[in-house]
Amino acid sequence: MGKKRKITDEKDAQHVPAEKREKVENWLKKSTEKPTSSQSDAEKKKKRPWRNKVRKLAAKKAAADKKSENPEEPPLILEPKSSSDENTKKKRKRGPKKKKFKPEVAGKAAETENDDVAAAPEEADPIAEAKKRLDAGRFRFLNEKLYTCTGSEAFDFFKEDPTAFDLYHKGFADQVKKWPNHPLREIIRWLQSKPDQQSVFDLGCGEAKIAEAVGEKHKIRSFDLVAVNDRVESCDMSKLPAEDSSADIVIYCLSLMGTNLYDFIREARRVLKIGGILKIAEVTSRFVSIKQFCEAITKMGFEQSHRRELTDYFMMMEFKKVEKVEQKRPYGLKLKPCLYKKR
């Protein structure tokens, strides 16, 4: 290559094309000037665009290695507190949720206590203990019978053997002692707040405790499969010996036990006046779906006016009789039986 020189000679300049001369001057100018830092960085970026990508991958790999070395330290994620998180904290402060009460479980616990007492042969009477076990077995049989047959079949069964009904109620009373509360007390308080001389039908009354408590304030008629005392009228709950529209209030307190629930609700509607109240109290664990159960009753000619749960164990419902009946056998009127496990 020859030495670089400027084109200053006029003769030389005449023989060199103008376009080529301009390119040569620009090249000489750039070669003599020092490039700026920004220009050099731009050139580096153009020449090595893969460098940043390699650095990012290396940083990610280093973070992953650090995380594997310290697995106990979770990554710190800063997020705004949601309402669901606050609700969860509140629930934790309240403590563990109460278990739903089931009569069959309470009955099993009662029998376990009896077994513990029987474990001491020096104090327990073997004959009395054998009788107690026999009565417990008969109670389980009678309880299952009531939940798995119709009201008319149960009425005929106890009509032939009234002593079986006494044994059942004695066993039921023993189970009630283990319950944390009883909805019957709530119903009695509710009746005491009502105006005097209401016509009240207590269906499946047992020993007619409502008539005993508020019999002077209201006109109480107590019905059950067997009359255990003078206050009770024996009958089938689906065929009440009463006229149409003769009751202001009809009560089913833990007494919807047969398989023909539709007949029981229809009979309650028949004897109620328009605007009369149907009061139902049942064990919460028996409901397949509380919503569907209430909707089924409303379709049978009622309007729901009140519903609440009593200490997670019992459900209290209140309906008013209306004129229109949408369906005679609507879907959803189902209750699970309370069956006590055999031991």
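Even glycines carry a Cβ here, placed using N, Cα and C.
If you look up Swiss-Prot, you'll see His169, Gly204, Asp224, Asp236, Met237, Cys253 marked as S-adenosyl-L-methionine binding site. Remark: Cys253 (S-adenosyl-L-methionine binding site) has Pro183, Leu184, Ile187, Asp202, Gly204, Ile210, Lys279, Ala281 as non-local neighbours, by Cβ distance under 8 Å and separation of at least 6 in sequence.
Per Swiss-Prot, the feature compositional bias 'Basic and acidic residues' maps to 7-33.
According to Swiss-Prot, the feature compositional bias 'Basic residues' maps to 45-59 (among others).
Sequence annotations record features per position, and here Swiss-Prot assigns compositional bias 'Basic residues' to 89-101 (among others).
Positions annotated as compositional bias 'Acidic residues' by Swiss-Prot: 112-123.
Annotation source Swiss-Prot lists region 'Disordered' at 1-123.
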All-chain count of other Cβ atoms within 10 Å of Met237 (S-adenosyl-L-methionine binding site): 24
Fewest Cβ neighbours within 10 Å, where candidates are the binding-site residues His169, Asp236: His169
